[in-house]
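K.L.:
Before I ask anything, let me first share the structure, which is written out below as structure tokens.
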Amino acid sequence: MKTIDELLTEGVEGRRVFVRADLNVPLADGVITDDGRIRAVLPTVKALAGAGAKVIVASHLGRPKGAPDPAFSLLPAAERLGELLGAPVAFAQDTVGPAAHEAVDGLEPGQVAVIENLRFNAGETSKDDTERGEFADRLAALADVYVGDGFGAVHRKHASVYDLPKRLPHYAGYLIATEVGVLKKLTEDVSRPYVVALGGSKVSDKLAVIDQLLGKADRILIGGGMAFTFLKAKGYEVGTSLLQEDQIPAVTEYMARAEKQGVELVLPVDVVVAPGFPDLKTKAPTEHTAVAADQMPEGQLGLDIGPKTGELYAAKLADAETVFWNGPMGVFEHPDYAEGTKAVAQALVDSNGFTVVGGGDSAAAVRTLGFDENAFGHISTGGGASLEYLEGKTLPGLAALED
Ligand code: ADP
Ligand code: MG
């Protein structure tokens, strides 16, 4: 994989460089609530602009349906990028149309333009190679060189991630180079004990990684929504908690395999339950109680690991040499259900080992709960991407940069 350093050595003065970034930031009423992903691409954009490139930054945001939708405009991200760069950033109100060409044609060396949300064009995410290829051709017409730096999207076989680099000289940006370096450390010669904490809500996405980690990790701590599929598999009642019944056989097999291979698969011993899902907008106080994991009341749902589990997981993390954490332990967006996530985050902060946080929401949790990012070894910008890498899958966006 050629990196941006090689590109800078070749020289970029006056060349149009397309940077596929991941500016898919969380927004609340049009306001960015966490700009971590924008800050993550700054080194690449600054280096290119500083070397006199005409920089075109592109990204997706959310899941618009293949057509322009103002609710998913990239404009707020472009504005924030400009603030962070301390320089004006041009914004094109289309992706490959006249506005994009005008914005790019208007760039002087060292200037930056952002084009509109790539997913406003159905070709970006199309499963049809021809349709994707056509969009990639039109994107390629905007630029001379491609720099891949949208780590959070490299597991997607999308036009700007997979097809475009095949059409232009291509390089990995600093973010992708860093992320891949960290993931290599987790897969090759990992320092032990290697402890993995998994939570979040995307249960089916995350169960697959356990399969792979059973052969790698020394300890796996389970929290978040997926914990309930495990607890149910153990025969406990889980009320109205998040549950994937169809995964119970898989989970049962994981538990048996963990036992056989001497991998500690640790489940919550207590959980915080409530009669309903909390209001994340008002964050109004809720009725909630901590109960033993095998005593969950009917009709209530588990929204966080309990305090005993928080302590248990902190103890299980204390001697780790390597930690990978993906997925909040509870619905941390509401203060009544943030304690479990805080306990795990604090254990990583206290750890002397190499700690990696992966996942958009996990990274946002760390920041919004007031932890110092620098207290972690690495905060990854890509949840799905890092999980698929750890699963041993080929990531289209990395494969395209390799060729
Ligand atoms: P990441 O983005 O870090 O990969 P996910 O997207 O998988 O994480 O999950 C994050 C979401 O999981 C958060 O919005 C959080 O509220 C939710 N979550 C955590 N625990 C639970 C739970 N017990 N029930 C429902 N949702 C949960
Ligand atoms: Mg998420």
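Just so you know, glycine gets a Cβ as well, placed from its N, Cα and C.
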K.L.:
Out of Arg132, Arg138, Arg156, which is the one TrEMBL records at the substrate site of Asp22, Leu23, Asn24, Arg37, His60, Leu61, Gly62, Arg63, Arg119?
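P.N.:
Substrate site check in TrEMBL: besides Asp22, Leu23, Asn24, Arg37, His60, Leu61, Gly62, Arg63, Arg119, the record includes Arg156 out of Arg132, Arg138, Arg156.
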K.L.:
The ATP site in TrEMBL includes Gly302, Glu333, Gly359, Gly360, Asp361, Ser362. Which of Lys185, Lys206, Lys216, Lys234 is also listed there?
P.N.:
Lys206
K.L.:
How many other Cβ atoms are found within 10 Å of the Cβ atom of Asp361 (ATP binding site), counting all protein chains shown?
P.N.:
22
K.L.:
Max Cα-Cα distance in Å among Asp22, Leu23, Asn24, Arg37, His60, Leu61, Gly62, Arg63, Arg119, Arg156, the residues listed as binding substrate?
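P.N.:
The widest Cα-Cα gap among those binding residues is 18 Å.
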K.L.:
Let me make sure I understand the structure: which of the binding-site residues listed (Gly62, Gly302, Gly359, Gly360) has the fewest other Cβ atoms within 10 A of its Cβ?
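P.N.:
Taking Gly62, Gly302, Gly359, Gly360 as the binding-site residues, the minimal 10 Å Cβ count falls on Gly62.
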K.L.:
Return the single residue from the binding-site residues list (Asp22, Glu333) that has the minimum number of other CB atoms within 10 Å.
P.N.:
Glu333
K.L.:
Would you kindly give the Cα-Cα distance separating Arg37 ((2R)-3-phosphoglycerate binding site) and Gly359 (ATP binding site), rounded to the nearest Å?
P.N.:
11
K.L.:
Report, as a single number, how many Cβ atoms besides its own are within 10 Å of the Cβ of Arg119 (substrate binding site).
P.N.:
27
K.L.:
Where His60 (substrate binding site) and Arg37 ((2R)-3-phosphoglycerate binding site) are concerned, what is their Cα separation in Å, rounded?
P.N.:
12
